[in-house]
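So that you can see what the record holds, here are the features copied from TrEMBL:
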- 73-266: domain 'Peptidase M28' (DOMAIN)
- 335-555: domain 'Endoplasmic reticulum metallopeptidase 1/1-A TM' (DOMAIN)
- 569-792: domain 'Endoplasmic reticulum metallopeptidase 1-like C-terminal' (DOMAIN)
- 284-301: transmembrane segment (TRANSMEM)
- 346-370: transmembrane segment (TRANSMEM)
- 376-398: transmembrane segment (TRANSMEM)
- 468-491: transmembrane segment (TRANSMEM)
- 511-533: transmembrane segment (TRANSMEM)
- 540-562: transmembrane segment (TRANSMEM)
Amino acid sequence: RGYLDNITAIGPRTVGSPENEVIAVNYLLEQIRGIERESTDAHKISVDIQRPTGSFSIDFLGGFTSYYANITNVVVKLEPRNGAEHAVLSNCHFDSVPNTPGASDDAVSCAVMLEILNTLSKSSESLQHAVIFLFNGAEENILQASHGFITQHEWAKSIRAFINLEAAGVGGKELVFQTGPENPWLVQAYVVAAKHPFASVVAQEIFQSGIIPADTDFRIYRDFGNVPGIDLAFIENGYIYHTEYDTSDRILTDSIQRAGDNILAVLKYLATSEKLAKSFEYRHGNVVFFDILGLFVLAYPARVGTIMNYITAAIAFFYLSKKVLQPKPRAVNNLKKLLTAFSLTLTSWVCTLVAVLMVAVFVSIIGRALSWYTHFYVSVSLYGTAAAAKLILVHMLAKKFFYKNVNEQYLGDVFFDASLMIWSIALAVMTQMGLCSAFICTLWVAFPLLTKLMIHKEFSQKGATTKFIVMYMLGMFVPYLYMLYLSWTVFEMFTPVMGRSGSEIPPDMVLAGFIVIFTMILSSYFINFIYLVKSTKTTLVTLTTVFVVTLILVCSGIFFPYSSDAANPKPKRVFLQHTSRRFHDLDGNVVKSDSGIWINGFDYNGISHITPHIPEINDTIRTPCEEQAPFCGLPWILPVHFMFRFVKNWYLPAPEILPRSPIQFKLLSKKLMPWNSVRLSFEVSGPSHMSLYVRPRAGSALSRWSLGDGMPVASLGGDYFVFYSRGLQAAPWHFWVELTAPEKHSDGIVSLAIAAHYFFGEDQKSPQLYALLERFPNWTFSSGWSCTYDLFVY
């Protein structure tokens with residue numbers, strides 16, 4: 001805990017700042033040297049400070065190119081006295097996003113790693129392989145330091161596997177949410193060694209689908225180092241992740257202890273494993289893995305899962321076809337009835353989804369989005385009750401009008417079979433798609449089918465007897481318990497993400513969609529009860545009443561989305577950039593200039609809740625798009641423009657800013673190349689963070705540049721984005737771009753803009769920005785900095 005408190009006491013550790021490059025590095029070195037002095041003779045400890053410079057392209061956030069210069073890595077190697085040929089890597093990052101102390105992301109992981117280094121170095125047992133501890137100093141700059149290490153450091157060649165320690169929340173249990181690629185032996189290592197397992201292949205497939213706007217160093221080690229690994233992250237309380245509230249006192253000692261126990265055990269296991277040295281031999285195959293209530297992990301090869309899934313689906317289809325064919329003369333009639341029940345069940349799901357999404361759209365239109373952000377129960381009593389009521393209503397109407405005078409037991413039986421059929425089809429389809437998450441469908445086919453076979457006599461008796469209900473519930477216990485556990489994990493991760501997913505995606509529709517999906521899953525084997533019980537009127541009236549009351553309360557605005565509660569804050573995120581812009585023409589003359597504070601609300605609500613507190617931030621100052629400039633002429637720090645609508649950001653006029661260390665941007669040369677191309681070479685010097693935006697003019701095309709692998713990668717929308725960052729004492733940035741251009745290009749061949757971002761020091765906040773930030777209500781996390789923007793045409 002002492003390590004964590006001391007790292008966060010340094011304050012925000014932005015790349016390029018003295019706090020990150022000097023104070024944090026010196027603190028880590030001091031601790032490592034202390035550990036080295038007390039280590040036993042069984043080990044050898046080597047320490048290296050790496051300051052890499054490099055560049056790469058990445059398809060994260062729509063695609064962009066990254067360039068870094070002189071950033072910092074602190075690397076420690078713990079190995080047996082006589083050295084080791086192979087190594088396992090443990091990775092954390094000590095840098096933080098601007099204006100936040102970064103306790104969970106990722107100081108706590110670095111504290112855990114220091115403690116593990118200390119424990120292992122004092123052990124008299126010698127390790128078989130080396131353990132490399134990478135304290136990386138530029139992860140928040142979109143994974144730059146890990147790239148510098150894995151592509152340039154001499155120790156990187158010996159690494160056979162890695163463990164990456166990350167955060168998507170503050171404290172709680174650390175979830176294994178990515179493994180591999182392939183290498184099932186790594187998951188087995190976690191299964192055997194971890195003392196408090198928490199792992200899910202479902203989380204892996206959700207994360208790798210790209211629907212969560214985040215990425216980790218896992219990607220860099222996988223894509224640029226070709227090394228397999230395990231990705232762990234704290235996921236609890238994501239509401240305060242990347243905010244000023246991410247402080248060390250919010251991370252419980254139990255949480256740190258848990259993580260330490262798990263990671264120490266897994267590292268120790270890997271560092272003494274025969275498989276690490278021959279990892280390439282054990283490479284093939286994916287693995288299905290999931291923990292059972294945090295008690296233990298079930299893991300088995302995906303190919304075994306595929307066989308199990310197909311066998312389960314085949315048994316279910318055999319059972320269903322046997323039911324349809326008994327007695328044979330009525331087979332066509334039986335099939336018709338099963339398909340009718342199947343269609344009705346699917347229809348009820350579609351109707352439910354449409355109805356609940358219409359409620360979500362209505363709530364979003366009237367400006368009441370995120371009413372559940374602070375009070376999660378509101379989403380359940382609004383969308384959950386609506387979903388359940390709609391499902392019951394559809395089947396109640398079907399029972400009353402479509403199935404008039406049909407035997408209730410027969411209906412209960414046929415709707416059970418319809419649900420079984422849906423799950424069996426889902427199981428076969430998901431398995432065919434190669435999704436490891438198909439194991440969920442196996443649970444929903446195998447257990448209900450076993451239950452049905454065990455109590456088939458009770459199914460045919462009149463009425464839903466107590467004995468029948470008890471036995472039915474016991475049979476369904478495992479899939480229901482697992483599904484509730486999984487849904488808790490999914491909502492724990494996703495609900496906070498809705499507060500930082502931009503202004504494009506209506507969060508109510510996303511959450512309502514999730515709730516409908518879980519309602520459909522959890523109700524799938526209870527639809528038959530609607531037909532078995534005499535009346536569902538009371539249930540329907542109760543659910544409808546709760547829904548109507550909640551909807552009225554939501555419309556009235558009683559549920560305020562955000563909270564400044566000291567113990568459990570759920571702030572609204574707002575980013576403010578005091579910007580001075582200059583637009584130059586082909587001759588270098590300034591044709592337009594302005595200054596203002598550019599404001600982005602990071603969620604769907606924009607600034608509607610802020611206007612009453614700061615009246616001048618209102619809809620009359622919406623940001624205009626400069627159509628002729630790349631990225632609308634705005635100083636995006638990252639290419640996240642697709643997450644924000646221009647009707648949802650604002651530009652408040654403000655005085656010009658004059659940074660003490662302004663950007664220097666020079667065209668060094670213009671060279672005619674073969675094949676009708678032109679090479680423009682530039683030199684740039686400026687603050688630690690800069691963004692370069694490139695747009696070829698009509699008829700021109702960007703063919704090559706000196707960045708990444710030489711092939712330009714366009715962002716969403718077709719412009720090109722380069723993210724630049726540097727540590728201390730970096731040389732000026734030199735780069736060139738090559739364009740193919742038409743013979744006549746009187747209005748230039750390329751628009752090129754550069755933004756300089758001042759994230760720390762005396763240039764960070766102007767008096768006007770500081771004064772405005774002070775006026776924001778206490779339920780916001782407002783992060784502000786100054787920047788300049790210059791557009792040139794060549």
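Each Cβ is built from the backbone N, Cα and C atoms, and glycine gets one as well.
Automated prediction, rather than curation, is the source of TrEMBL annotations.
When Cβ distances are compared across the two stretches, the transmembrane segment (346-370) makes no contact with the transmembrane segment (468-491), since fewer than 3 pairs at least 6 residues apart fall below 8 angstroms. If you average pLDDT over the domain 'Peptidase M28' (73-266) in this model, you get 93. Among 284-301, 376-398, 468-491, 511-533, 376-398 has the largest number of CB pairs under 8 A with the transmembrane segment (540-562). For the transmembrane segment (284-301), same-chain residues at least 6 beyond its ends with a Cβ under 8 Å from one of its own Cβ atoms are 173, 176, 179-180, 182, 184, 187-188, 190-191, 194, 196-202, 436, 439, 481-482, 485.
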